[in-house]
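Per TrEMBL, these features apply:
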- A:12-41: transmembrane segment (TRANSMEM)
- A:61-79: transmembrane segment (TRANSMEM)
- A:91-109: transmembrane segment (TRANSMEM)
- A:115-135: transmembrane segment (TRANSMEM)
- A:147-165: transmembrane segment (TRANSMEM)
- A:198-215: transmembrane segment (TRANSMEM)
- A:280-312: transmembrane segment (TRANSMEM)
- A:324-346: transmembrane segment (TRANSMEM)
Amino acid sequence: MRFERRESASPALTVLAPLGAIGAALVVAGLLIAVAGANAFEAYGLILEGAFGSRLGVTETLTRATPLILTGLAAAVAFRARLWNIGGEGQFYLGALAVTAFGLVPGIAGAPAPVAILACLVVGALAGTLLLLVPVTLKLRFGVDEVVTTLLLNFVAILFVSMMIEGPLRDPLAFGWPQSMPAPDAALLPKLLERTRLHAGLLIALALAVAVWWVQARTVFGMRARAAGLNARAAGFAGVPLARTLALVGCLSGGLAGLAGAIEVLGVKGYVTTDLSPNYGYSGIVIAMLANLNALGVIAAALFSAVMFVGADSMSRALGIPSYIADVTVALSLLTMLVAIFLTQYRVRR
Amino acid sequence: MSVILDILASVGMWEAVLRIATPLILGTLGVLLCERVGVLNLGIEGIMTFGAMIGWLTVYSGADLWTGLAAAALAGAAFGMLHAALTVPLGLSQHVTGLGITLFASSFSYYIFRLAVPTASSPPTVEPFRPLPVPGLSEIPFLGPVLFNQTAPTYLALALVALLAWGLYRTPLGLAVRMTGENPHAVEAQGIDPIRLRIGTIMAGSALMGVAGAFLTLAAFNSFFPTMVQGRGWICIALVVFALWRPGRALLGALLFAFFDAFQLRLQTAVEGVPYQLFLMLPYLLSILALIVMARRARVPQALMQPYRRGER
């Protein structure tokens, strides 16, 4: 058996690949549910019902998708340029923490809402960018591989958050529970629907997905970033300023992940704890890959993950199947997606 | 100052060094094997988590400790086979595949753990490996308890360093492994199948990662809880760079690292007024520092992350 490169990937295959990948992942996860003694079809039915069956379910799914779209974009932007930013989780936390710290600046609490919101979002994005600039600088200056440094900095960032919310940023009114001061009221994102958690952050995330798509598809910077990712040497010879492009990609990617954290605080939680993120940063990597690094595809992939996570919670309560099955399915779909992308590029010959 | 000297003079601190180093030694050797044959294995964090879980679960369901370690090794090899199948014959991105394996293996571990222990306020414990004093040698003052009163898997890890150093540099198989990481075309020209060699070596390396994880639940602690690996896998990846891909230096790196870890743990309780999180950050920052120092000297295996396809250059 050998593999032969296809001349060009057919459009049909490109569309079918993610669907096939998700289907395969669902089959394997279904087997795992069956082994645990439940009916897989019933479980998937309950997952869909939990995610779509009620007003609450739909809004929860969209609320859950919001940070996932942003962390997915963060990974997609970086991976396109072969900048392996695996530090989305840490950048998310620093963005979230920065917002609550910024709220202590005099004047923010009294500012008009649009100004306060915009200022907080910028601060959150900057915090994420700053954290990613450390490994990017180490890569460009010393040739240190960014995979391990971004991964290790996730742990440092979360310990830093824990230190701050038990120290200077601790909320004295939280009954001894380590949580940060609340974010400034003026900067809280407006709700999209009454009596739900759905907030305006979803619109920001969707707008940014379109903006990132436009940057990637229609600007010189987008083309340079992609060229750097496809073949850095060739891009360098063609006159692409590699270091500057990678640094800019890093700013964009870290900023998006930091923004995800800021929006989660301003839209949902209102304060920071060390369990603010159920692995949003890491899930972003899966979402970016499921979307084949396409910014608009990220929206669909984030929705798929959100459906799994929200639906699995209610399915778990009904059937006693651990809700970790959602994480298993999403992780599996990353692996099956890799194979699916491979099959769009190669044909198998005997 | 006297606080620091007190810590450095205590037997307990030095005894802890080898114990903390053991999973790092095993994990680093595992990464080293994979990278020496030309494949990055970012699956380590998840494989260690799964090894920790399956080792604990095996013993918890009534098997003995060695069966637990063997189960972790087998599970590690199985995940290694998955990683190898995707990265070697298919040549998929080693970064993304490895991360996928980590995400899959760790969430799969939590899934099985929750199935086995649906509700428990504190994780159920097992009877872990007891220290095994080496007759005679463990009587030596200071050195005895530090070096010769460890658990059996620690001695095993030390023996593996020697075995691997010998195997990689003194046997034909070791030569073939190192050659595959440098130039798989040359290996093929010698009539050895680089693809099969890569798959086998990755499985062996991943088995070591599984055992590294099981050491946590069966010797260092006595129970499993989610997120217990705490980035040790990523630290092993950094240690391999520090070790310049050599087993002897991997041991040195793991010991050095474990020394700082044991030291900061004791400093945490001895020094007041400094947030404990700062001490906990040290291992990660130290790993990054090691990467910076070694980046220029790193002699990366030349074919690392280069997929090999027969008849393609």
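Placement of Cβ uses the backbone N, Cα and C atoms for every residue, glycine included.
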Contact ranking winner - A:91-109, A:198-215, A:280-312 against the transmembrane segment (A:115-135), Cβ under 8 Å:
A:91-109
Within-chain partners of the transmembrane segment (A:91-109) [C-beta distance under 8 Å, separation at least 6 from its ends]:
67, 71, 74, 85, 116, 119-120, 123-132, 157-158, 160-161, 164-165, 169, 180-187, 254, 257-262, 264-266, 271-272, 276-277, 280-281
Same-chain residues at least 6 beyond the ends of the transmembrane segment (A:147-165) whose Cβ lies under 8 Å from its Cβ atoms:
84-87, 89-91, 93-94, 96-97, 101, 131-132, 134-135, 138-139, 171, 178-180, 272-274, 281
To the transmembrane segment (A:324-346), which of A:12-41, A:61-79, A:198-215, A:280-312 is linked by the most Cβ pairs under 8 Å?
A:12-41
Count, for each of A:61-79, A:198-215, A:280-312, the Cβ pairs lying under 8 Å from the transmembrane segment (A:12-41), and report the range with the highest count.
A:280-312
Using a Cβ cut-off of under 8 Å, list the residues of the same chain at least 6 residues beyond the transmembrane segment (A:61-79) that approach it.
51-52, 85, 88, 91-92, 128, 196-199, 201-202, 205-206, 208-209, 212, 216, 225, 229, 249-250, 252-257, 259-261, 263-264, 267-268, 277, 280-281, 283-285, 287-289, 291, 293-295, 298-299, 301-303, 305-307, 309-311
